[in-house]
Amino acid sequence: MAQKGVLGPGQLGAVAILLYLGLLRSGTGAEGAEAPCGVAPQARITGGSSAVAGQWPWQVSITYEGVHVCGGSLVSEQWVLSAAHCFPSEHHKEAYEVKLGAHQLDSYSEDAKVSTLKDIIPHPSYLQEGSQGDIALLQLSRPITFSRYIRPICLPAANASFPNGLHCTVTGWGHVAPSVSLLTPKPLQQLEVPLISRETCNCLYNIDAKPEEPHFVQEDMVCAGYVEGGKDACQGDSGGPLSCPVEGLWYLTGIVSWGDACGARNRPGVYTLASSYASWIQSKVTELQPRVVPQTQESQPDSNLCGSHLAFSSAPAQGLLRPILFLPLGLALGLLSPWLSEH
């Protein structure tokens, strides 16, 4: 008669880990508890497609007078990060709502929660479309309960460095092509994009640029996308996250900010670099603790993306610094390649 086995210390540890992962995936037993940041139940995606419910649990929808206008990222039980340009001074705080845990915007889900705003804190350096400081802190009216579908993303510390070429993911509910809205039931869209250095991005944005409308990617910005175009952000969903994976956790590397047209060649998406504002964020919300990002790889030169045009200086041009087409209600995920292939 065989004896029942007794678990040793190593086996007990393995069981504990499996139980913990099971709680995260099921959403039971962990609700109301402090959730670790940057944990998502799904693997990283490639290309552009509809997300799975709960795949990006920090993604929020921001509405004004009941209409979706921007995205945002949950960073704690009561705070969301978005873009400053989503909150014009003439708009009233009371007319905004934040929808958390949503997947299909046009469908009801008991997993989604809606909150009004207690406070909106735009960065003081934000002046106009395309300027520095395109970031805003939003305080929910009351703390939200975490679940499988509602979880925070990690905030990177000020010294965080994300290497060129790192494949990150931008998410949103915006247009899938210029002037083409996302079809009902409007599932959350996701697109994998590689990071591009600021110098190369500046070079790309000044290829065939109009002299009267200079472009300048500033130090508090980061670029991501494809030189050949076709897959990019488009109008409808600024403020949403550019999420980057490092050693199993997702970090809020960028906040969708501005761009020139949708999916145009030599015009990658431009994002507010969240780590540039780590100190400001902590000065406003002391309980928000930015996380040190492990340096797993060095940035590789990407000047070849701009070819012979790289002689462009990274110094700002004189005059008004604004893109040819800035989309005032934000940028949304424009999965142009799949759409173009069907038309």
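Heads up, residue numbers simply count up from 1 along the chain you see.
Just so it is clear, glycine is given a Cβ too, placed from its N, Cα and C backbone atoms.
Looking at the candidates CYS168, CYS201, CYS244, CYS262, Swiss-Prot gives CYS201 as the cysteine bonded to CYS223 by a disulfide. Cross-referencing CYS154, CYS203, CYS234, CYS244 with Swiss-Prot gives CYS244 as the cysteine bonded to CYS168, criterion being a recorded disulfide. Recorded disulfide link (Swiss-Prot): CYS70 to CYS86, out of the candidates CYS37, CYS86. In the three-state DSSP scheme, CYS168 (disulfide bond) is classed as strand. Geometry remark: HIS85 (active site, charge relay system) versus SER238 (active site, charge relay system), CA distance 8 Å.
Closest in space to SER238 (active site, charge relay system), of the recorded positions given as CYS70, ASP134, CYS168, CYS223, is CYS70, taking the CA atom of each residue. Using CA atoms as reference points, the recorded positions CYS70, ASP134, CYS201, CYS223, CYS262 were checked against CYS168 (disulfide bond), and the closest is CYS223.
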